[in-house]
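Record features, source Swiss-Prot:
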type: DOMAIN; residues: 155-290; note: domain 'YTH'
type: BINDING; residues: LYS161, SER162, SER163, ASN207, TRP231; note: RNA binding site
Amino acid sequence: MNQIWSTGPPNFYFNSEWKENKRNDRTIEDSLRELDGLIHSLERTHIEVQTNPKLKNDVTALNDINKKENKEEITHENYTHQINSIPLTSSNLNRHFSFSRDYNQSDNSNNNYYREYLSKPRYLQQSTKEQTFNEINKRKSAAIIPPWLNIPENSRFFVIKSSSLKHVKRSFYNGIWSSTHFGNKRLSEAYKKLNSGAKVFLFFSINTSGRFCGVAEMVSDLKMDLDTSIWEDEQKYGKAFKVRWVIVRDINNRSLKRFLIPSNEMKPITHSRDTQEIPYSIGISIINLFKTQDSDIFSFLDETYE
C-alpha cells in the first residue's frame, strides 16, 4: 500500500490507512486512540516549531514545496523529514496512531472502554510524547530527567533554600550539602528516624530565583570528615552530609504555587523556608511535575544558564 506523507511540520503525518479506517463501523476505541495520537503529535510539533527557528524555516520551505507540487503525489522518498533524520517508518507511526482491524460493534464494549479510558490516572504516567520530548531536549539542555525514580513508602521530603547558585553547583559536583545548624539538626533527625527502606529527598531552590532547580537524595547522616572548604564560608557550615542528585532541571514557581503546606499555615511551597518538610503526597506530585513537565527545559548545568 502506498503511503502518503505530509510536508507539514515534523511528526505531523498520516498515511492512507488512516483514511481507510474512517468508516461507520469504527469503535470508540479506534477514535480515542487516533485522537490521542493526533493531539500528542500536534502538541509536540507546535512546541518544536515555536522554540526552534531552524524548524520554522524548514516548515516554511516544506509548505512552499507543497504548494508548487500542487496535486502531484509526494512520496516519502522525496520529502520525508523528522528531527534527527529518523525515517518516518511504520514502526514510528505506531507510536502515535494505533488501529485495530478487528472492529468491535458492541455498544457495551465501547462504553466500557470509554469509561476505562477516562478513569486512567494519566497525569501520573509519562507518555510516549513526554519521553520523546525529554529525549530531544536533553540535546538542548544538560538537564537530568530520569524516566523512573524509586520513591519508597514513608519517604520524606524537605525544601532546601540556598543563597548561592555556586553552592548548588558545588553540591552537585562534590555530592555533599550542609544547611544551617538548625536545618542540619532537623535533617539529621529525619534521616535517623526513617523507616526501613525509606529515603529523604530535598527540593532545591535558590533564593530570589523564582524557581526550583532540582532534587537530591540525602544518602548519609551528618559527617565531620566531609570537605566543606568548597563553600566560601566553611566555618559557617561545619558538618555536612552526602547527597545524590537525581533530578536537575528548573521548575518555575508559578507551576508550584498550587501546592499548599499545612504545617506552614497553608502557604504555597514557594514560600517555604530552608528545611521546611513537605507532606508525602505533595512530594510525590512535585517529583512527577519535575519528570513530566514538557516545556521550558533548562538546568543549572547549561552553559547559558543565568
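Note: Cβ is positioned from N, Cα and C throughout, glycine not excepted.
Annotated features taken from Swiss-Prot, shown on the structure.
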residue: LYS161; record: RNA binding site; DSSP class: strand
residue: ASN207; record: RNA binding site; DSSP class: coil
residue: TRP231; record: RNA binding site; DSSP class: coil
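Within 10 Å of the C-beta of TRP231 (RNA binding site) there are 20 other C-beta atoms, taking all protein chains into account. Note on ASN207 (RNA binding site): other Cβ atoms within 10 Å of its Cβ, all shown chains, come to 10.
In sequence order, ILE206, ASN207 make up the list of same-chain residues 6 or more apart from SER163 (RNA binding site) whose Cβ falls under 8 Å from its Cβ. For LYS161 (RNA binding site), the same-chain residues that are 6 or more apart in sequence and have a Cβ closer than 8 Å to its Cβ are SER205, ILE206, ASN207, SER272, ARG273, ASP274. Residues of the domain 'YTH' (155-290) grouped by DSSP class, helix first, strand second and coil last, total 49 helix, 44 strand, 43 coil. Highlighted in sequence order, SER164, HIS167, VAL168, ILE206, ASP274 have their Cβ within 8 Å of the centre of the Cβ atoms of LYS161, SER162, SER163, ASN207, TRP231, the residues recorded for RNA, and are not part of that set. Over the domain 'YTH' (155-290), the average per-residue pLDDT in this prediction is 93. Taking a C-beta cut-off of under 8 Å and a sequence gap of six or more, SER162 (RNA binding site) has these contacts in its own chain: VAL168, PHE204, SER205, ILE206, ASN207.
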